[in-house]
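Notes to accompany the following structure.
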């Protein structure tokens, strides 16, 4: 069952950031940017569309999961990946890319319910393992997705012996990675029909009308009961404080994902690494392997002896030191630069996923079972709003930075990583009392 949850989350996470290695080139091929420095801004619109759509519907999917069960939402969301991720790979202009990503985010609302599912599948003493399973798959997906995008985009240019320019993969150079991810998600969607349901609404336990506490959407309860339920959940400060801090760290992580890929593929004259999509894919593959090893071997021990809050503080502090070094990494060359980039990327992703896993645990400990779908829906709504800001803001910031290479203070990419560090500092400060309260 643990493996089944793992592949469901993996299938959902793969398309979220698989576009980042080729997004710069895809946006360039749409011919909407008048200058090379403006490509990052338009790329940010495409990158934000998914999370903006998810922000609008996450609360709704949480309510549906509490009322009708976790399994229907999981199955439907996985099939949404199959359809709209495939269509995204066939995009012929910027608007088609934005709309298909928006619909993919809107209709794929299973991350909140799958976290509730994991919390219900594992006993209290194994909660760290359950949430680590989710966050590991999520983290691996957010890294392997871009790796696939990097290796498989533009196949007619990279593998001309296999893919001709006249084939569908030549006419749609970014279709192959999307198709591969969609086929994987199709297998996962079919397999998810055999998942057992974990939501049990027996009459002696939770009345049906209480199953969607805390939210108005899709509720058929009386107005008074609905208002009381909403009040109870939104006034649960251990829950709400953990969600707010979780959102801040997610804003940082999504902006970092967008900026790292743009920075890696941008020309050296703009302070980038001049990497190809395949080079980015290689870096992210190595990062994914390192993250998988860490989560499967060390994270449970860290969570047990250090705790989720201290993990977030230490991880945030180390991330700040790490990002400060990035502009100087671009000054290196050859094998030295390659080794340093791989180590930095691996360490950054390990720190980010460790922080996020801790907040998964805090959120699910703060509520009762029948509220977990709604609580995770609220968390997903907030997280998605912040993550929608990440690519758009990151892309705009990156484009602006490339226009100020000769600025006297924080020139070029230095200002980009400085802003990322400011966000991380805010997240770390919010982990202290009286703001963050552990249930």
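Yeah, the Cβs are placed from backbone N, Cα and C, and that goes for glycine too.
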The annotated transmembrane segment range in TrEMBL, which must be one of 172-195, 196-219: 172-195
Feature transmembrane segment in TrEMBL, mapped to one of the ranges 103-122, 283-302: 283-302
The transmembrane segment (128-152) in contact with the transmembrane segment (341-362), cutoff 8 A, at least 3 CB pairs, sep 6+: yes
Positions on the same chain near the transmembrane segment (6-27), where near means CB under 8 A and six or more residues out: 33, 39-40, 42-43, 46-47, 50, 74, 77-78, 81, 85, 88, 91, 94, 97, 101, 104, 108, 110-111, 114, 133-134, 136-142, 144-150, 153-154, 174, 177-178, 181-182, 184-185, 188-189, 191-192, 195, 257-258, 260-262, 264-266, 277, 280-281, 284
Contact call for the transmembrane segment (374-400) and the transmembrane segment (314-335): at least 3 Cβ pairs under 8 Å, seq gap 6+: no
For the transmembrane segment (314-335), sequence-distant contacts whose Cβ falls under 8 Å of one of its Cβ atoms, 6 or more beyond its ends: 249, 252, 256, 263, 268, 271-273, 306, 341, 344, 347-348, 351-352, 354-355, 412-414, 417, 420-421, 424-425, 427-428, 431
